[in-house]
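These features come from TrEMBL:
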BINDING   G14, K15, G16, G17, V18, G19, K20, S21  ATP binding site
BINDING   C188, C191  [4Fe-4S] cluster binding site
Amino acid sequence: MLDKVKHIILVLSGKGGVGKSTVSTQTALALRENGLKVGLLDIDLCGPSVPYLLGLEQCEIYQCEDGWVPIYTDASKTLAVMSIGFLLKNRNDPIIWRGPKKTMMIKTFLNDVKWDDLDYLIIDTPPGTSDEHITVMECMRDVRCDGAIIVTTPQGVALDDVRKELTFCKKTGIRILGILENMSGFVCPSCSNCTNIFSSNGGAELAKLAGVPHLGTVPIDPRMGVLTGTTSSVLKEIPESNTATTFKNLIQKIVV
C-alpha cells in the first residue's frame, strides 16, 4: 500500500554494523522536524533495531480491514513506524527463517501496511545484496523510488563491502543519492574536538571514485547516545553538533 507515499528512500550498506538504523531513524526524524509526514520501515528481519532506537519496543501492531497499522510516535501522526521487532515478545528472540519466509514477510511489509498520506518513506534494509534486497526491488517495480543512501564507515574493510553495494545498485537500476560516512572520528565530550580513531575520508574518496555525491560525515558523538530510546531529532537536541549539521545538509540534498 505505497500509493499514498510520495517519495521512497532506501538506506543500504554492504557491511553490517555501520549504523544504517541510526542513519535511518535520524533521517526520518530530521524530515519530520522539517514539517514533513514520514514513515520508517525496518526490514532488517534478523536485526530490527528501530523499535529500540525510538523507544517503541513495548508497542504492539495490529491488523485492520485495510492491512497492518503502523505505530505512530505521537498524536500528530507525523512519524509512522513498522518493524518485525513489534512482533517479537523479547528483544533477544532470534528470527530463524529460511529465505522464502523472509521474502514473504518483506512482501507483507511493503504491500500490506496501511500507510496514510506520507511525504517520505525511509526503508532501513539489512546489510548485503541478498534475497531481502532483491525482494524489495521486485515489490517496487511499479513504485517510484527516489534512490538510496549508502552508509559506510572509514575503514577499508567496510569500504570494500560498500563497493559491492554500489555495484548492486547500478545493476538493479537503483539511483544512488550519495554516500554517508558514519563513525568518522570521535567527538570528545569535554572539549568537543574530533579525533580520527579510525582512518578518515574513506567515504569521500569512495564517492569520488564511484562518481556519486558525498553526503557528509557523522562522527561518534557520546551525546547521540542520550537520544537512544527517544523520538528526539539531533537537529533539535544538539543543533550545534557536527552530526546535526550533516543531517541538516543531507535533508537539503534529498528533499525535492
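Heads up, the Cβ atoms here are built off N, Cα and C, so glycines get one too.
Sequence-distant neighbours of G16 (ATP binding site) (same chain, 6+ apart, CB under 8 A from its CB) are G47, P126, P127, G128. Note: the ATP site is recorded as G14, K15, G16, G17, V18, G19, K20, S21; in the same chain, S13, P127, V151, T153, A158, N182 also have Cβ atoms within 8 Å of that site's Cβ centroid.
Here the C-alpha separation of V18 (ATP binding site) and C191 ([4Fe-4S] cluster binding site) works out to 25 Å. Cα-Cα distance from K15 (ATP binding site) to C188 ([4Fe-4S] cluster binding site): 26 Å (rounded to the nearest whole number). For C188 ([4Fe-4S] cluster binding site), the nearest neighbour among the listed binding-site residues (G14, G17, G19, K20, S21), judged by C-alpha distance, is G19. A simple way to gauge crowding: the CB of C191 ([4Fe-4S] cluster binding site) has 7 other CB atoms within 10 angstroms, across all the protein chains here.
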